[in-house]
Amino acid sequence: MSCSTGVISSTLVSIGSDLSNHPLSTLNKSLITSSTSLLALLSSPFSGLLADSLGRKPLILLADALFILGALWQSLSTTIWSMILGRAIIGIAVGSASFVVPLYISELAPAKWRGRLVTISTLMITAGQVVAYIVGWGFSSVHGGWKWMVGLGAVPAALQLCILLFMPETPRWLVRDGKVERARKVLGRVYGGVGGGDVVEGILRIVGQSIKEEEAARKVGDFEGEGWWASQWRGLRYTFRELVGVGGNRRALSVACMLQGSQQLCGFNSLMYFSATIFAMVGFANPTATSLVIASTNFLFTLATFHYIDRIGRRRILLLSIPVMVFGLALCAIAFKFVHLPQNHGSPPLLGRLLRESGPWPTLIVLSMIIYVASYALGLGCVPWQQSELFPLSVRSLGSSIATATNWGSNTIVGLTFLPLMEAITPTGTFALYAGVCAAAWCAVWLIYPETAGLGLEEVEEVLKDGWGVEESLRVFRERKRVGMVGRRGNCNNDGG
């Protein structure tokens, strides 16, 4: 996923006139990048239904197949619209994978490793972005090298597809599908060892009971003459009413969507999509190589998050990191104010070269972006993807898919508006705007985001039952941290799901 999405930054500055025999305009670049996030937005709400009907594993396999198809389609593109179609295919795959992969991990992994394994998934995404930038750097001086940049995205997808063929389906889905013995075997592999049998049977009882209660509440059994799709649609409507009608569920959805929206509207993916374009604009000789510094920073600080997210807590790490993001963006806005950009409107203004009078300011732009990306990776880059812990089991798939759709909807807005904003309100105004969004996100986190580290899923549900539960969650977190119950495991959730 990350290779297919991360490579676009290098691709945009390497295409030249290869598509439709003319250089890419600002609109062309915006459409190529945003087509992926737009289709991810459209596909992610349906991923929950497909994951429940087909299974988690088949949906990942389908996403891998689409990644392969999209990568090859892009590499063979000769027109702008063909390239946009290839990016759209990638978008469908991204929308499905970004929802189902964390769900697959959370349902298959032992509870004590669940949080860290989801974080590892995010870490691997950032590692893939680094690889994508290295590939872009390697092919940036090769004629037609952009075709290799996008085409090689099929390789990791094919590798994952082959490996996943030997991976099991999640026990929860197997029990829901009536395949209890297969679920027992999978759980035996996961929880093997002394006492493993008792753990397996206990989990099967909890999962089986929760599924029975869920299906009884939804009344998803077919009425006479009612087809499967009608039954599923009725169950979906019931779940949606439960999600938005129950106060605790509605608050969980608000928090999850706030975090996912903030993750994108802060402008981070403008760097992932357009960093090479930005660095070309301010005059760096090898903008792709400079972009590699940004991707590497994201990877290294995401690695640090893996160690500290449970010890510090989700809420606290956001409250500490977001102000640093604001500082980095403000510094970038100030630096752009003193960079003298060419005013030649005969060519795309964002591809101009830095004038000599700019002095140290381009270097300061890179430094400010490193500060911004490092603080993003520590907080907003990882915390929103812990969204499943906010929702009770009965609405987890739907709530997570809506939150994921919020992420990709916000991503689409950033992809479509970044370059036009750079031209309309200048780079200084654009990065100042993102700093304002980050400040608003900090206020929202302070007001409504309870501390979920150290809480079981049932406890999170209880905390959100009658209000946002910020003070209560912080009290529990401090007490458990004092007695050593927080920070020893990847996740303290013990829902058995």
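Cβ atoms are placed via backbone N, Cα and C, with glycine included.
Because TrEMBL annotations are produced automatically, they should be read as predictions rather than curated entries.
Quick look at what TrEMBL lists:
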| type | residues | note |
| --- | --- | --- |
| DOMAIN | 1-453 | domain 'Major facilitator superfamily (MFS) profile' |
| TRANSMEM | 58-74 | transmembrane segment |
| TRANSMEM | 80-105 | transmembrane segment |
| TRANSMEM | 117-139 | transmembrane segment |
| TRANSMEM | 145-166 | transmembrane segment |
| TRANSMEM | 265-285 | transmembrane segment |
| TRANSMEM | 291-310 | transmembrane segment |
| TRANSMEM | 317-341 | transmembrane segment |
| TRANSMEM | 361-385 | transmembrane segment |
| TRANSMEM | 397-419 | transmembrane segment |
| TRANSMEM | 431-449 | transmembrane segment |
The transmembrane segment (317-341) in contact with the transmembrane segment (80-105), cutoff 8 A, at least 3 CB pairs, sep 6+: no
The transmembrane segment (291-310) versus listed stretches 117-139, 145-166, 397-419: most Cβ pairs under 8 Å: 117-139
Long-range Cβ neighbours of the transmembrane segment (431-449) (under 8 Å; 6 or more residues past either end): 251, 254-255, 258-259, 262, 265-267, 270, 314-315, 318-319, 322-323, 325-326, 329-330, 332-333, 336, 380, 421, 425, 468, 470
Long-range neighbours of the transmembrane segment (117-139), counting only residues six or more past its ends (CB under 8 A): 1-3, 5-7, 9-11, 14, 101-102, 105-106, 109, 145-146, 148-149, 152-153, 156, 272, 276, 286, 288-289, 291-292, 295-296, 298-299, 302-303, 305-306, 309, 377, 381-382, 385-386, 388, 490-491
Recorded stretch that, among 58-74, 145-166, 265-285, 397-419, has the most CB pairs under 8 Å to the transmembrane segment (361-385): 265-285
Positions whose Cβ lies under 8 angstroms from the transmembrane segment (58-74), at least six residues beyond its ends: 1, 4, 47, 50-51, 82-83, 85-90, 92-94, 96-97, 100-101, 104, 147, 150-154, 157-158, 160-161, 164-165
